[in-house]
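Structure first, commentary second.
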Amino acid sequence: MAGGGGTEAFPDLGEHCQNPDCKLLDFLPFTCDGCKLVFCLEHRSYKSHSCPKSDHGSRTVSICETCSIAIETTGFDEEGIKSLLEKHERSGDCDPNKKKKPICPVKRCKEILTFMNNLTCKDCGIKFCLKHRFPADHVCNKKTITTARTSSRWNERFMEALSLRNEKGCGRGSSVSSRSPPSVRSF
């Protein structure tokens with residue numbers, strides 16, 4: 001057999017898993033971006049093959065205790081991280097008022113609004129948690145009521161126009177005058 005894997009008929013097809021306990025011939029192998037070795041589906045994660053370079057390309061972040069802002073600290077040791085946080089506090093960007101996170105405005109709802117779990121109501125323009133995103137789930141302002149009235153008026157006008165159209169003979173099943181030629185010919 002060839003060096004990487006394969007079968008007698010197709011020696012270049014697939015590779016063997018490089019986990020010492022597995023050695024499975026995998027036709028869709030995964031190459032680890034840390035250690036650059038080839039693994040099967042079961043052993044492709046860093047943890048499953050105990051990758052020595054699992055933090056290769058990773059980023060680290062420290063959170064400011066004053067304003068809760070995230071500061072990237074990739075490549076810094078503990079002293080460097082400490083000096084970065086002190087520099088941030090002296091910069092003037094560190095505002096303790098920013099620490100308070102927004103919560104859902106519905107009474108008795110304590111859900112903190114993050115970038116992933118909130119939606120803005122189309123009617124009132126206020127951000128709510130996913131549980132209270134529909135106008136029926138939060139007390140929407142009067143704009144919702146006027147929108148409902150407008151849509152019901154639109155439906156009434158549509159039905160009126162439809163009935164007038166049917167009276168004039170434009171609808172299905174109506175009798176069309178034999179004197180006027182058809183507006184569309186069919187072949």
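Glycine residues also receive a Cβ, built from the backbone N, Cα and C atoms like all the rest.
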When TrEMBL marks a stretch as region 'Disordered', which of 48-67, 168-187 is it? 168-187
Secondary structure tally of the domain 'AN1-type' (98-148) (DSSP, helix then strand then coil): 12 helix, 8 strand, 31 coil
Reported in the order helix, strand, coil, what are the DSSP residue counts of the domain 'AN1-type' (11-59)? 0 helix, 8 strand, 41 coil
